[in-house]
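Undergrad: I'd like to ask some things about the structure below.
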Amino acid sequence: MSRTTSILRISTFLFSLLLPVYSLPITDNRIPEIAQEPIEITYQDYIERIPSTAPRIRVKRYSIEGSYWGVREISWKVARSSRSLGEAEVRRVLRRAFKVWEEHSELRFVYKPHGAVHIEILFADGDHGDGEAFDGRGKILAHAYFPRFGGDVHFDDAETWSPDKYGVGIDLYAVAVHEIGHSLGLKHSSERQAIMAPFYQTYKGDALHLHKDDIDALDKLYGPSGAVTGLGFSENKNRLPDICSYPNLDAMTRTGNGSIYAFQGEFFWKLKEGGGVLDGPLRIDQHWPFEGHIDAALTDTEGDTYVFKGSKYWLLGHDGKARYGYPRLISQGLVDTPDNIDAALVWHADDRPYFFKKNKYWRYSLKGMPRGFPRSLKSLSRMHVFDRIDASLRYSDEISYVFVGPNYYRLGGKRFPRILPSKSKSIAKDWFGCTDGNTPEH
C-alpha cells in the first residue's frame, strides 16, 4: 500500500492530452500535480470539480484523509539536504513553509536536528528506499505521506531547487507548503485557489497564505484555532478521535491478564471480548509510562508486553508499569530489528516475535536475523496484497490478526505466516461494536 499522497508533475504536453478528462485550463503556470495515478497508488487521489456552468453555491471542496497528529507540537528535521541549496538555506525555507500552517491553527512546528521526529524531510533521487522512486529532472518533484504513514516529505534532488519564486529552479517554498499539507492529513482540494489544489502554482507577493478551504480542512482535523494562552496554545483540549469513522489503528495487543488494548494517536481503548468498548478513548500519557502515539505493541508467551516507539522500546510488567532500565534502544536490545516499525506480534504458530515495517517483515532471533529474512509482505498472501501493515495482534494460542486501514485479516500458515483467503472484515464493527449510527458499543 503506497503512502504517497502527492506527486507534482510539470509535463505540460501530457496534461494537454488529458484536458478533456479533467476540464482544466493551463493558466498561471499551474500544472496538475496528478495527471495520471501512479501504478502503485492504493487510494483514489482524484479531484471532483464543479463545472464552470454550475450554480455558485457554497460547497465543501477540501478533502481529508482522516489521520492526524494527536499533538499540537509537531517536530521535524532534515535527514538529508539538497545538493542545489545549502543545509541552512533549506532549513530557513522549510521554517517559512511550516509557518504558513501555523498562521491559522494551534499547531506549532519545532525543528529537532537529531533523534525521532514526527516529520522527516529528505532530498533524494531515483530509488531511495520507500518504493516510490523519483524519475529524474522534470516530472515528479516531491511526495509526502499522511500522518498514519509517518508524515515524511521527500523531494527529488535531481531537480534544481530555488529558495523562492525569484531564483532559478523550482520554488522549494511553494512545493513544501503544499506537501506539508499532506503530512498533516489533507488531501487535494477542488478549490482552485487553495494551497491544496493539485497544482504547482504561482502566488502574489513573497508569501503564501492558507485559503479558507485549507483552513476549513485543517479545522476539521485539528479543531478551530481558539484563544491563545501564554504558552502559545488554546485552553481547549484536543478533540477525541472518532474511531467509528476512522478505525485505522497504530497498535493492538492482548496483555498477560487477557485485556485487549487498541491504540490510535494519543488515545487508547480497552476492548471487550467479542467486540465493543469497555473503556475509552483515554489518553495514553495518563495511563501508560510513555507519551503520544506508539508504533507497535506485542505481548509474549510469558505475559510481558513490549511497546515500540521510534528507536526505543519499553518492557511492561503485568501491572502495566515499565521494568527497570527501560526504555531501551531497539538497536541495542533487539538485534537486527529496525527502528520505527509498523506492527509487531508473537505469532501463535511458532511463538516467535515478528516485526513489520513498510513492505517487509522480520522474524526475531537472539542469534541475529534468521536466513531468508526480512521477507516481502507479498509472501503473506496472493489474494490480498499490502505495501504495509498498520497493526497486528495475537488474539489467542490459535488465532492472530493483522490490521490494514479500516479492515483486518486472520493469519494462518505453518512455517511462515499467511493471510487466510477470506474477505476483509471491519475493525469498526467487529472490534469496537460500531453501529450504523457511528457509535461504539460500550
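Numbering starts at 1 and runs along the chain as displayed.
Placement of Cβ uses the backbone N, Cα and C atoms for every residue, glycine included.
Residues annotated as active site in TrEMBL: E179. Positions annotated as Zn(2+) 1 binding site by TrEMBL: H128, D130, H143, H154. Annotated Ca(2+) 3 binding site per TrEMBL: D135, G136, D156, E159, in sequence order. Annotated Ca(2+) 2 binding site per TrEMBL: G150, D152, in sequence order. Feature annotation from TrEMBL assigns Ca(2+) 1 binding site to D157, E159. The feature Zn(2+) 2 binding site is assigned by TrEMBL to H178, H182, H188, M196. Residues or ranges marked as Ca(2+) 4 binding site by TrEMBL: D250, D295, D390. Per TrEMBL, Ca(2+) 5 binding site is recorded for A297, A344. Under the heading domain 'Peptidase metallopeptidase', TrEMBL lists 65-224. Residues annotated as phosphotyrosine in TrEMBL: Y326. The feature repeat 'Hemopexin' is assigned by TrEMBL to 291-337, 338-384, 386-434. Under the heading signal peptide, TrEMBL lists 1-23.
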Undergrad: Taking each of the recorded positions D152, E179 in turn and counting other Cβ atoms within 10 Å of its Cβ, which one has the fewest?
TA: D152
Undergrad: For E159 (Ca(2+) 3 binding site) and H143 (Zn(2+) 1 binding site), determine the Cα separation and express it in whole Å.
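TA: Rounded to the nearest whole number, the Cα-Cα distance is 13 Å.
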Undergrad: Of D135, G150, D156, E179, A297, D390, which recorded positions come within 10 Å of M196 (Zn(2+) 2 binding site), going by C-alpha to C-alpha distance?
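TA: Hits: E179.
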Undergrad: Taking the centroid of the Cβ atoms of D135, G136, D156, E159 as the Ca(2+) 3 site, which other residues of that chain lie with their Cβ within 8 Å of it, listed in sequence order?
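TA: Apart from D135, G136, D156, E159, the close residues are D125, F134, R137, G138, K139, I140, L141, D157, A158.
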Undergrad: Look up D152 (Ca(2+) 2 binding site) in the DSSP assignment and report helix, strand or coil.
TA: coil
Undergrad: Sorry to bug you, but what's the C-alpha spacing from E179 (active site) to D152 (Ca(2+) 2 binding site), rounded to the closest Å?
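TA: So the Cα of E179 (active site) lies 9 Å away from that of D152 (Ca(2+) 2 binding site).
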Undergrad: Going by C-alpha positions, which of the recorded positions (D130, D157, E179, H182) is nearest D295 (Ca(2+) 4 binding site)?
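TA: Spatially nearest to D295 (Ca(2+) 4 binding site) by Cα position is D130.
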Undergrad: Quick one: among the binding-site residues D156, D157, which has the most Cβ atoms sitting within 10 Å of its own Cβ?
TA: D156
Undergrad: C-alpha of H128 (Zn(2+) 1 binding site) to C-alpha of D156 (Ca(2+) 3 binding site): distance in Å?
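TA: If we compare the Cα positions of H128 (Zn(2+) 1 binding site) and D156 (Ca(2+) 3 binding site), the gap is 10 Å.
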Undergrad: Which ones, of the binding-site residues H143, H154, D156, D250, A297, D390, have a Cα no more than 10 Å from the Cα of the residue listed as 'active site'?
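TA: Those near the residue listed as 'active site' - Cα within 10 Å - are H143, H154, in sequence order.
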Undergrad: So which other residues, same chain and not among D250, D295, D390, have a Cβ within 8 Å of the centroid of the Cβ atoms at the Ca(2+) 4 site?
TA: R148, L249, A251, F263, H293, I294, A296, D342, A343, A391
Undergrad: Here are some binding-site residues: G136, G150. Which one has the most Cβ atoms within 10 Å of its Cβ?
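TA: The residue with the most neighbouring Cβ atoms within 10 Å is G150.
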Undergrad: Using a 10 Å cut-off on CB atoms, tell me which of the binding-site residues H143, H178 is the least crowded.
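TA: Ranked by other Cβ atoms within 10 Å, the binding-site residues H143, H178 bottom out at H143.
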Undergrad: Tell me, if you would, which residue among D135, E159, D250, D295, D390 (binding-site residues) has the fewest other CB atoms within 10 Å in the structure shown?
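TA: Checked D135, E159, D250, D295, D390; of these binding-site residues, fewest Cβ neighbours within 10 Å: D135.
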Undergrad: In terms of DSSP three-state secondary structure, what is the assignment for D250 (Ca(2+) 4 binding site)?
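TA: In three-state terms, D250 (Ca(2+) 4 binding site) counts as coil.
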